[in-house]
Amino acid sequence: MQAKKRYILVIICCAFLAYCYLGGYRLKGLQTLFRMRIRKNPDNLPSYHQLHYQYTDGAERAEQAQPQPDDDLFAPPAYESSRSRELAPQPAFEGGAGRRVTDEASASFKSCRMETCFDFSKCSDKNFYVYVYPPEPLNSLGAPPPISQNYQKIISAIQESRYYTTDPAQACLFVLGIDTLDRDSLSEDFVRNVPSRLQRLPHWNNGRNHIIFNLYSGTWPDYNENGLGFDPGQAILAKASMSV
């Protein structure tokens with residue numbers, strides 16, 4: 001009886017190994033086929049705009065569209081096709097209180113581009129400096145403002161570079177001293193009262209020429225991509241895992 005069980009176990013292991021081998025061989029064959037098709041006709045590789053943007057004007061769409069090869073390897077990721085749905089106002093939470101992003105803020109975010117929301121007069125090839133806001137003063141309990149180790153690394157890297165300046169009048173870009181990397185209200189690194197903190201910054205100017213770093217946004221169960229819990233205004237959002 002024990003020998004029969006051992007034989008059955010050996011047969012199952014052999015079948016599993018054969019399945020893994022054949023599956024890996026098939027995947028390798030698909031990769032080889034993909035490379036061969038790209039080498040033969042690289043012009044058929046779809047562009048970034050073709051994969052991720054939809055044009056409303058028929059003539060413009062006809063100009064931008066290119067024939068795509070009939071191959072599942074070229075299938076674009078299943079992103080939401082409507083920018084209005086991606087940028088629609090979503091409920092955000094700040095300090096346990098619900099705050100819904102207004103339609104005006106959403107419309108401002110969609111219309112904000114480098115040519116409309118960035119002041120190029122502060123920047124030049126010879127004058128490209130980055131100003132980092134100093135840490136906020138200690139609170140009433142004598143504790144320093146919360147800042148994560150990852151955000152401290154970002155600040156230190158900027159301050160040690162040749163682009164760093166302590167004079168905001170010379171700065172082209174402004175980096176917050178407020179840790180905005182983790183905007184999950186359930187996280188221990190979540191910084192509260194960010195809207196009021198931003199308004200106290202002397203050079204905020206609705207976020208113009210500011211950079212906001214973010215790795216995590218929203219909270220359980222939605223983890224909304226735009227759920228920062230505050231309005232970034234005209235600031236540049238350097239964010240992980242963007243769908244657009």
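Cβ atoms are placed via backbone N, Cα and C, with glycine included.
Summarising the annotation, TrEMBL assigns domain 'Exostosin GT47' to 125-241. The region 'Disordered' annotation in TrEMBL covers 60-99. What TrEMBL lists as transmembrane segment is 6-27.
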Task: Helix, strand and coil counts within the domain 'Exostosin GT47' (125-241) (DSSP) - done: 23 helix, 21 strand, 73 coil
Task: Averaged pLDDT, computed only over the residues in the domain 'Exostosin GT47' (125-241) - done: 90
